[in-house]
Amino acid sequence: MAIGILTGGGDCPGLNAVIRALVKSFYQKLPGEKVIGFLDGFRGLIDNKSVNLKTQDVVGLLPKGGTILGTSNRDNPFKFPVMVNGKLEFQDVSDTVIANLQKHNIEVLFVIGGDGSLSIAHELSLKGVKVIGIPKTIDNDLEATEFTFGFDSAVRTATKALDMLHTTAESHHRIMVLEVMGRYAGWIALYSGLAGGADVILIPEIPFNWESVCRKIQKRKAEGKHFSIVVVAEGAHAQGGERIVAKYIKESTDPVRLGGIGQVVAEHLSNCTGLESRVTVLGHLQRGGGPTPFDRILATRFGVAAVNAWLAGKYNVMVALQGGKITAVPISEGIKKLKLVPLDSEIIMTAKATGISFGDD
Ligand SMILES: Nc1ncnc2c1ncn2[C@@H]1O[C@H](COP(=O)(O)OP(=O)(O)O)[C@@H](O)[C@H]1O
Ligand SMILES: O=P(O)(O)OC[C@H]1O[C@](O)(COP(=O)(O)O)[C@@H](O)[C@@H]1O
Ligand SMILES: [Mg+2]
């Protein structure tokens, strides 16, 4: 008997901490059995590329960023891209995945991933594969869990960037725009904006009004504050406007990559206020580096809880943080829709009460 693990989707700090917790707690309970790590997300299950994971392989992993197993955000076994006669086609290769799981006598597959990877895990479960999900993503946009690991680390990095932009903004009397990740959900922009003392936060959930944003910066100028800090999520857009697409990755079933809204906001604000502006795109720095203590602990709790859920006979569940406690919910709960920032949430109200503009008044 063996268990399988894979990491799927965009990487984030804390993936290695989950792998470590899973491997350590598994061997404590079942020292004679095996853990197989599949490489590069679902790609490793399609190509049957894997490694044996022993306790000594997870030494030193707690603070290490990325994933030792590798990951992929384009290899979906239900829509796998293949070139046929020079044309791109998407094929269902899920039976190959199931055959490869059987070759390794995999009793249960632990999928550490976001909405995309967990949707694939759910589809596999409908074909009889026993799966357990562990929710990751810097975007914090998975339902049924208060936080995903990786989010706190991304917020740390974005907050640090805002602290650093503040000093140069103040010196040069400039508007500094920081573009952060978040395609549909503005959690990173909201949390880092609040922690980093932003004046304006633009998120996908609240389409903004150009005049409202300009008014906010002009008001600051009139008060003698000749610099401003704006955080904009990559998926933010003006009222009646579109999200700005940086590129399409045609082999992916989730092909859109966003980027560019920061530049547009910086130019517009410069024109309407007469202040100089500069833009910083934080990009993949947000996914890099080691996890924060919060993420190390959450990742460890998730890893141990995932093994315990399986030992308790649960399948097709995702471990989750609810009310500060770790629990297990059906995977379908986690993927039924994206967890967006609720417009009436206490955190939005708190931000507004301290004068932060969302460009909606
Ligand atoms: N709703 C979906 N259903 C099935 N597969 C999806 C879905 N969204 C994305 N995918 C695929 O799942 C894989 C991982 O998705 P991605 O969004 O990149 O990572 P994550 O697991 O972090 O959400 C990619 O191959 C992507 O094409
Ligand atoms: O690494 P890529 O392919 O540029 O993807 C960028 C996207 O991945 C993310 O960092 C994380 O998304 P997932 O958690 O869904 O993998 C998004 O915030 C961002 O839009
Ligand atoms: Mg996703």
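Keep in mind that glycine also has a Cβ here, set from the backbone N, Cα and C atoms.
Predicted automatically and left uncurated, TrEMBL annotations should be read as such.
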**Study point:** Candidate from Gly10, Gly14, Gly32 that TrEMBL assigns to the same ATP site as Arg74, Asp75, Gly114, Asp115, Gly116, Ser117
**Key:** Gly10
Exercise for review: Select, from Gly116, Arg183, Arg278, each of the recorded positions with a Cβ positioned under 6 A from at least one atom of ligand 3; if none does, say none.
Suggested key: Gly116
Review point. Which number gives the other C-beta atoms within 10 angstroms of the C-beta of Gly116 (site 'Important for substrate specificity'), all protein chains shown included?
Key: 21
Revision key, fill the gap. Of Thr137, Met181, Arg278, Leu285, the binding-site residues with C-beta less than 6 Å from an atom of ligand 2, in sequence order, are Thr137, Met181
Check your understanding: Taking DSSP three-state, what's Arg278 (substrate binding site) in: helix, strand or coil?
Key -> strand
Point to revise | Model confidence over the domain 'Phosphofructokinase' (3-309), averaged pLDDT | key: 97
Practice item. May I ask which residues of the same chain, at least 6 positions away in sequence, place their Cβ under 8 angstroms from the Cβ of Arg278 (substrate binding site)? Key: Arg174, Ile175, Met176, Val177, Ala266
